[in-house]
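Okay, so here's the structure we're looking at.
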């Protein structure tokens, strides 16, 4: 097959691993910067051009689209879909997952347990918003934040009010969430490929922090997940219509709670921790689904 990887930086670990895994299985691979793609939208002859040339047909496209370029990145992916390329995660699913509020609403509607969460835009009554999630301690987030950026733990009511007031000054959407103290700065990242949790790690926050993101200096170890956690991870990925997802779970006293569903999970931390060839599993999933029947169905 001919496979395109949409990534702004082909030297990143995840992109390199996916390229290597595809080549090892005999596929032709090209890494494309989605921001350098430009499109002819025409009912008779739609096309995608890249750095002065018209791109050929790709059997499959692997999107590695960062949150900062979600709008144009998903537009480029959508054009590949229109031309009959199989997407490892559809553009609409990626856009949906990047919207934290919509994601939580969809997960809650499917009965998937979450931390108690409130969301507001410049709330007039900060006190009521805090009461909505059970009071302090609580976590205050910017809805648009990623990798632990724009996330603050407010240990007292006064601190929570101060943080919310500061975020209000940014004219931003504010997400307020109960703090799961018993998680002790740890969470479980389940990597879902298709209908299987292929790997799971426990991530631990660095000393003095409560955010377990590896990008923030957290540590990781192999996690043994329960059957309930496995079921929740798969259900969360299905709810978001993602074939590949990183599902983050907190272990609370009342049971596992889904924190987030990531549509473009990094592979470095989880592959190096578990030794699982996740990139290879992603390529094999593509091989099973990027079929001629798919191209006929989509018009490619």
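Cβ atoms here come from the backbone N, Cα and C positions, even for glycine.
Taken from Swiss-Prot, the feature ATP binding site applies to 141, 178, 179, 187, 211, 212, 213, supported by sequence analysis. What Swiss-Prot lists as Mn(2+) 1 binding site is 248, 260. According to Swiss-Prot, the feature Mg(2+) 1 binding site maps to 248, 260. Per Swiss-Prot, Mg(2+) 2 binding site is recorded for 260, 262, and the stated evidence type is sequence analysis. Feature annotation from Swiss-Prot assigns Mn(2+) 2 binding site to 260, 262. Taken from Swiss-Prot, the feature domain 'ATP-grasp' applies to 104-287.
Structure with Swiss-Prot features highlighted.
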residue : record                : CB count, 10 Å
141     : ATP binding site      : 22
178     : ATP binding site      : 20
179     : ATP binding site      : 17
187     : ATP binding site      : 23
248     : Mn(2+) 1 binding site : 21
260     : Mn(2+) 1 binding site : 19
262     : Mg(2+) 2 binding site : 23
Predicted model, mean pLDDT over the domain 'ATP-grasp' (104-287) = 88
Residue 141 (ATP binding site): which of the binding-site residues 248, 260, 262 is the nearest Cα neighbour?
-> 260
Determine, to the nearest whole angstrom, how far the Cα atom of residue 248 (Mn(2+) 1 binding site) is from the Cα atom of residue 187 (ATP binding site).
-> 7
Between the Cα atoms of residue 179 (ATP binding site) and residue 262 (Mg(2+) 2 binding site), find the distance and write it as a whole number of Å.
-> 20
Conformational class of residue 179 (ATP binding site) under the three-state DSSP mapping = coil
Between the C-alpha atoms of residue 178 (ATP binding site) and residue 260 (Mn(2+) 1 binding site), the distance in angstrom, to the nearest integer, is 14
Check residue 248 (Mn(2+) 1 binding site) against DSSP and tell me helix, strand or coil, would you?
-> strand
Where residue 141 (ATP binding site) sits in the secondary structure, as DSSP reduces it to three classes | strand
